[in-house]
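Features as listed in Swiss-Prot:
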type	residues	note
ACT_SITE	His149	active site, proton donor/acceptor
ACT_SITE	Lys153	active site, proton donor
BINDING	Gly12, Ala13, Ser14, Gly15, Arg16, Met17, Gly93, Thr94, Thr95, Ala117, Ser118, Asn119, Phe120	NAD(+) binding site
BINDING	Arg40	NADP(+) binding site
BINDING	His150, Gly159, Thr160	(S)-2,3,4,5-tetrahydrodipicolinate binding site
Amino acid sequence: MTTSPVKVLIHGASGRMGKALLRLAAEDDALHVVGAVVGRSPSQRVVDGVPYFAANELGGAPAFDVAIDFSLPQGFAPILALCVQRGKPLVSGTTGLDEAQRAGLLQAAGQIPLVWASNFSLGVAVLTELVERAAGSLPGWDCDIIEAHHVHKQDAPSGTALTLGEAATGSGAQPRFASVRAGDIVGEHSVQFTGLGERVELIHRATNRDIFARGALHAAKRLLGKPPGSYRVRDLVL
């Protein structure tokens, strides 16, 4: 018995992550991209067999099983609303969301399964757990989170740095942040715990953006069939 491919809608398809998602999804027989949503009216309506839609045409997107969103904060509310309206899961890696948008996520989680994360790599999922353990085991130590990304990344600190900070804070640390924007750095995060005469440093370096796209695609598959709720990446990939 063959299983039909999962129908995926990619929102934010013109960005770095969107392009990686399209390329990797095309290599996966278990996935079928039914639509790609971009900010402005596309110059081509169909590219490599994938229909393209402008953001203001989102309501006319074809039927899908799960949506994956890597866009900008101003484009987040419409894709969240569409998933709620159609009762479909959402995987989102859009960073820079404000408090109202985060509240909207929590409200939507009562109706659909969703996962929002600043980083979908397996390594960062493990790093987050290690930060929690280190912060709880090293009370009173200084905690510093240093992140570095390419010059075009707008938000700082990065969403991943903030997520790591939340993990540290939840275990009693008081993290400080520093950001670097330089060249074409894909993503580097260092969490340092410094005490008297010693320092613990936890580091994750991404050398290829594909790790994030693969993680998001894997999370999308795992989210199918889940009851409504807000899931963590580690719940789906570890």
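Backbone N, Cα and C atoms are what each Cβ position is placed from, and that goes for glycine too.
Distance noted between the C-alpha atoms of Gly93 (NAD(+) binding site) and Gly159 ((S)-2,3,4,5-tetrahydrodipicolinate binding site) is 9 Å. Here the CA atom of Thr95 (NAD(+) binding site) lies 15 Å from the CA atom of His150 ((S)-2,3,4,5-tetrahydrodipicolinate binding site).
Of all the binding-site residues given, namely Ser14, Thr95, Thr160, the one with the smallest number of surrounding CB atoms inside 10 A is Ser14. The maximal spread of the NAD(+) binding site, taken as the longest Cα to Cα distance among Gly12, Ala13, Ser14, Gly15, Arg16, Met17, Gly93, Thr94, Thr95, Ala117, Ser118, Asn119, Phe120, is 20 Å. If you compare Cα positions, Ser14 (NAD(+) binding site) sits closest to Arg40 out of the recorded positions Arg40, His149, Lys153, Gly159, Thr160. In the three-state DSSP reading, Thr160 ((S)-2,3,4,5-tetrahydrodipicolinate binding site) counts as helix. When the recorded positions Arg16, His149 are scored by other C-beta atoms within 10 Å, His149 scores highest. Comparing C-alpha positions, Thr95 (NAD(+) binding site) sits nearest to Gly159 among the recorded positions Arg40, His149, Lys153, Gly159, Thr160.
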